[in-house]
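So the structure is just underneath, and the comments pick up after that.
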Amino acid sequence: MTVNDSKTLSSPDKKLSEAENGGGTMSGPLVETMTTNTPFGRKSDCIQVTLRLLCTVSSVIALSFMVTAHQTSTFSIYGFKLPVSSKWSFSNSFEYLVGMTAAVAAHSLLQLLIGASRLLKKFPVIPSRTHAWLIFAGDQVFAYALISAGSAASGTTNLNRTGVRHTALPNFCKSLHSFCYHVGFSIAFTFISCVLLAASAVQQVIWLSKSKY
C-alpha cells in the first residue's frame, strides 16, 4: 500500500470526524430537511409557544370563574320574598363548559410544555407535517367544542338575566349578581380561548403550505 492510498483511505474518516466535531460544514438532505421543517424560522416557533401560553391562561381563567360561580340570596315574586340559590353545577350547559375548558387547558398546557422544551433545545417546535396535521386537527376539534359550550352557557345566562316573558319569573341576576358576573367572565374567556385556538390552527395551515416534508 502506498502513502497516497493511505491518505485516500483515511480521508473519509477525517471528514466524518470533522462533521461530528463541528469542524466542517454539512450539506445535503439532512440540512434541507432541517431547513424545510422551519419555514418561518425561530420567530414562528416563538409565536406558536406564545399562543399556547395565552390559551392555557385564558382557559384556566374561564374554568376558575365558572367553578367559583355560586351564590345564595332572595328575590321578590308577587311581593313575596323567596330564597334562591344558584351554582354552576345546577346547569348542564355550565357543566359542559367546565369540562371543555378543563380539556382545552390540559391540551394547551401539554403543547406548551412540548413546544417550550423544543424551543429551548433549539429544535423546531413543529418537527414534521404529520405533527402539524395532528395539532391542527386537535385545535380545530377543541375550538368547535368551546364555541358550542360557550354558546350553550350564553343562552342559559341570558335566560337568568332577562327572565321569561309573560310569566312571573324575574331577572335572577339582580339577586344573584355575583353569580352572573362569574359566569359572564367565564364565557368571555372561553371565547378568547376559541380565538387563540383558531389563530394556532391558521398558523398550522400556513406552516403546511410552506413546508415540503
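Glycine residues also receive a Cβ, built from the backbone N, Cα and C atoms like all the rest.
Any TrEMBL annotation is an automated prediction that lacks curation.
For reference, TrEMBL has these:
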- 1-11: compositional bias 'Polar residues' (COMPBIAS)
- 42-196: domain 'Casparian strip membrane protein' (DOMAIN)
- 1-32: region 'Disordered' (REGION)
- 49-69: transmembrane segment (TRANSMEM)
- 96-120: transmembrane segment (TRANSMEM)
- 132-153: transmembrane segment (TRANSMEM)
- 185-208: transmembrane segment (TRANSMEM)
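When Cβ-Cβ distances below 8 Å are used as the criterion, the transmembrane segment (96-120) is approached by residues 42, 45-46, 48-49, 52-53, 55-56, 59-60, 62-63, 66-67, 88, 127, 135, 138, 142, 145-146, 148-150, 152-153, 186-187, 190, 193, 197 of the same chain, each at least six residues removed from its ends. Sequence-distant neighbours of the transmembrane segment (132-153) (same chain, 6+ residues past either end, Cβ-Cβ under 8 Å): 91, 93-94, 96-97, 99-101, 103-104, 107, 111, 126, 183, 186-187, 190-191, 193-194, 197-198, 200-201, 204-205, 207-208, 211.
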